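What follows is one structure encoded as structure tokens, with my remarks underneath.
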Amino acid sequence: MEESSLSRAPSRGGVSFLNVARTYVPNTKVECHYTLPPGTTPSASDWIGIFKVEAACVRDYHTFVWSSVPETTTDGSPTHASVQFQASYLPKPGAQLYQFRYVNRQGRVCGQSPPFQFREPRPMDELVTLEEADGGSDILLVVPKATVLQNQLDESQQERNDLMQLKLQLEDQVTELRSRVQELEAALATARQEHSELTEQYKGLSRSHGELSEERDILSQQQGEHVARILELEDDIQTMSDKVLMKEVELDRVRDMVKALTREQEKLLGQLKEFQADKEQSEAELQTVREENCHLNTELQEAKGRQEEQGAQVQRLKDKVAHMKDTLGQTQQKVAELEPLKEQLRGVQELAASSQQKAALLGEELASAAGARDRTIAELHRSRLEVAEVNGRLAELSLHMKEEKCQWSKERTGLLQSMEAEKDKILKLSAEILRLEKTVQEERSQSHMFKTELAREKDSSLVQLSESKRELTELRSALRVLQKEKEQLQTEKQELLEYMRKLEARLEKVADEKWNEDAATEDEEATAGLSCPAALTDSEDESPEDMRLPSYGLCERGNTSSSPPGPRESSSLVVINQPAPIAPQLSGPGEASSSDSEAEDEKSVLMAAVQSGGEEANLLLPELGSTFYDVASGFAVSSLSEASTGVPAIPAWKECPICKERFPAESDKDALEDHMDGHFFFSTQDPFTFE
């Protein structure tokens, strides 16, 4: 009987093999489940091979498949995977032990499974034993393995359905909580939007208040600047007025000085004219003297010859020249005396020119000062008008600002109150959201736990399903083997029937020979004058077949009392019973439907063989032994009744050989066959499909 090892296989490198069976049926796919330890990175170059137990090298594998790489792996948790070995590559059935080995890409063995075999299933492998304690007495039940697997599968399916219902309920709760959270988030978003709008309004009012305050400050600053400018302009006007007065006084003094200088200049001009006249006169005299000197020199040149004559005249002339030289020196001295006067006159003229220029400049400056004063007065008037306008505007702005400030304070109070209410509402919503998030987190953790448990149960169910499929495959293989054996038994049965027909012919031939010998013996006895009733002899002569018994035997029976009494019992020592035909007993009234009731034919053959005697049974079924003889002996009474009447009896019930359940004889034969197939859980489709 095939047994599965549900315990984890020992591993060298941490790889564990799960649900490794002790035996596998050949010509069927083998599914290998294994678990990679945490921290192991699976690779597409890793492979799982089927090795002989004594194999010492990784190259001594019988077959292998590449390992499957999971799409998602979780750090810190083991990784489950499975591979399938195709039926065409599996070893032949035998006593050789094999094992799975996980080999990584470096060629190192990371894990191996317990040993197992490949062999054909035995008939007893289809049954399992269950021990139950009921009322203190131990009961040993033998049931088909398919039934146990079906019950386990039903329980797993029921548990899976319960978990799925629980999962659906949790998902509904999570959906409701999410909808509640979304509603609260929408309300929170609305409150936040209102709060943001109020904040924007508050910021706008604060901004407008700040702008008004800045404008007021700017206007106040401008007013201060204008007042300072007015004061500065007034100071400048006063300073300009003082400067104008000083300039006027200085101008008067300069005018007086200019007048004095003009008079002095006129006086100096008069003196200069006199000096010039004197100079001109002196120059004229000097010119005259020079002309005279030239004339005298000429005369002196003319008179050189007469020098002696005119010595006295020359001396006189020398004196006159000396006198003229003295006069010329005096004139030159007077001219030299006139030079400082010329310089003084020139300085006075320059001073007068500079005074005139200064006076012109002072006039121009005075004119510009007067224009500046006029402009300053106009600007002062305009500034006073602007200051008055600014003061009026400032008063209006102050009044508007006071009104805005009152309205702002009211709005600020209302906004603060609404903000406080919104804050309280937001705090409540935050607390509600935190509580809901905590609830959702708990639900998520619980859902994750249920999902993990469901995944674990699903993996277990898948493993059990694969095990059940494997068991079902083995059952199908066993059923195919049974069908082959049944076909072989049918062939043997046909051969046995053929042999029985031949044996029947032989038995009829032997019976005819014995009957002929008996008839000859009786004729001899009749001839010898044996005493017999005449009526009896006449009846025997008329119908000798009436002496035949309804039952038949192949040999003489020691106990003659078991046979019915005959008319010749007192005179005959040996009774030869004419055997009834075996073929009619086997075929019965429904000979055409013998192929449809094969089990009844086998029972009829066995009962006929047993009723005819142990020697005949040994001749007919030498290879079956005494087991079938004992089973068939239980039907001896019905067989004898059939033999006594000469008509095969139809059984009133059809009985299942496994559970002994009875079916009416007139019921359809398919009902019994379907009932028997139900014990083996045989179906062409998979019984369960897990989604």
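Along the chain as shown, the residues are counted starting at 1.
Here the Cβ of each residue, glycine as well, is placed from N, Cα and C on the backbone.
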Range among 1-30, 241-270, 331-360, 421-450 that Swiss-Prot annotates as region 'p300 KIX-binding': 1-30
Of 383-409, 491-517, 653-679, which range does Swiss-Prot call zinc finger? 653-679
Of C656, C659, the binding-site residues given in the record, which has the fewest other CB atoms within 10 A of its CB? C659
When the zinc finger (653-679) is classified with DSSP, how many of its residues are helical, how many are strand and how many are coil? 11 helix, 6 strand, 10 coil
Cβ neighbours of H675 (Zn(2+) binding site) where a neighbour is any other Cβ within 10 Å: 15
